[in-house]
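As recorded in TrEMBL, the features of this protein are as follows:
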type     : residues    : note
DOMAIN   : 1-99        : domain 'Thioredoxin'
SITE     : Asp18       : site 'Deprotonates C-terminal active site Cys'
DISULFID : Cys24-Cys27 : disulfide bond
ACT_SITE : Cys24       : active site, nucleophile
SITE     : Gln25       : site 'Contributes to redox potential value'
SITE     : Pro26       : site 'Contributes to redox potential value'
ACT_SITE : Cys27       : active site, nucleophile
Amino acid sequence: MSQAFQEIIDSERPVLIDFFATWCQPCKVQSSVLNTVKENIGTAARIIKVDVDQYPALANQYGVRGVPTLAIFKQGEMLWKESGVHDVNTLTQLLKQYA
C-alpha cells in the first residue's frame, strides 16, 4: 500500500486523505460530508479513504493519533492535517486553495 499511496499523493492536483475507522461514529459523519465536498470540487482534487485498522503503519507514518484525521497532499508534500469532523465549506475552500 505504501508505494501506491506515494503515487497517489505525488499528484499534481491536491489529494485529501481521510484517515478513518469503521467503528468510529464521527468518521461516518465525516464520510457523508466528504461526499458533498467531492460533488463541489469535481476533478479539481481527489478524496481517498484510508482505514487506520487495515493500514496502521501508514497512519503512524503520518502522525495520525485519532480518527477522523484529514490531510491534504500535493506533489508528495503534506500541506494540511487536522483531526476531527470538518464541514463542507471549510474542506471545499481548503481544496480550492491548494488546487
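Glycine residues also receive a Cβ, built from the backbone N, Cα and C atoms like all the rest.
Mapped onto this structure are the features recorded in TrEMBL.
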{"residue": "Asp18", "record": "site 'Deprotonates C-terminal active site Cys'", "contacts (Cβ under 8 Å, 6+ apart)": "Cys27, Gln30, Ser31, Leu34, Ile47, Ile48, Lys49, Val50, Pro68, Leu70"}
{"residue": "Cys24", "record": "disulfide bond", "contacts (Cβ under 8 Å, 6+ apart)": "Val67, Pro68"}
{"residue": "Gln25", "record": "site 'Contributes to redox potential value'", "contacts (Cβ under 8 Å, 6+ apart)": "none"}
{"residue": "Pro26", "record": "site 'Contributes to redox potential value'", "contacts (Cβ under 8 Å, 6+ apart)": "Val67, Pro68, Gly84, Val85"}
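DSSP assigns Gln25 (site 'Contributes to redox potential value') to a helix. The helix, strand and coil residue counts that DSSP assigns across the domain 'Thioredoxin' (1-99) are 45 helix, 25 strand, 29 coil.
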